[in-house]
Amino acid sequence: MAVALIFATRARIKILFFDMIFSLEKDPFDLFSKWYKAVLNSPCEQPTAMTLATCSKDCIPSARVVLLKEYSKEGFVFFTNVNSKKGKELTENPKAALVFHWIEFARQVRIEGEVKLLNDERTDKYFSSRALGSQISAWCSKQSSILKDWQDFEQAIKLKEKEFHNTQVSRPDFWVGFCVIPKVIEFWQEGEYRKHIRFRYTLVEGSDWKVEQLYP
């Protein structure tokens, strides 16, 4: 909270408020990149954290915080166990929403779109870059299923460490990457007295985006 108090001062919010108005990009990815780089270059505690909302085939929503691992004009990438709750829901209903909330900058980005699986090559590349402990844990975690005894998990990790001793850890087939391909991206900047600035980008055709300002 100390960092938030330093950065989210009224004076700073005013500067960011007018910066958004006068430096609006035609392409939402360019604006996201600008905002994201500013966050990465600041003492923000969790710059890559984003809320991921999914929905089951029965239209029951769920949400959780995951970490952004890659982004480009193709979309926003994260990795997970395909057998987890979110993995199953994205397989059944490949649509999702994301929310970035950077409280230090009094900014929020909302994203809605379709979801696709990354190919094995890209997923393998990222998996190989992970810490050894994280690779082993990925093998041993039956994500979202009931764990009756923590020692069972610890024991599975020890066995897997022996199995992969002095060898490269391969990626389990159930560990996958998803890419959220945006149809809508909304940027929100806090303003004084709740006079917030909101701009919504909607994909209309090909790579063309329609930009609309919304009431706060």
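Residue positions begin at 1 at the first shown residue.
Cβ atoms here come from the backbone N, Cα and C positions, even for glycine.
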### Candidate sharing the substrate site with Tyr126, Arg130, Ser134, Arg194, Lys195, His196 (per Swiss-Prot), from Lys69, Lys73, Lys85
Lys69
### Query
Taking the Cβ of Tyr126 (substrate binding site) as centre, how many other Cβ atoms lie within 10 Å?
16
### Task
Looking only at C-alpha atoms, tell me how far Ser134 (substrate binding site) is from Arg198 (FMN binding site), rounded to the nearest Å.
38
### Query
How far is it from Arg194 (substrate binding site) to Gln108 (FMN binding site), counting Cα to Cα, in Å?
14
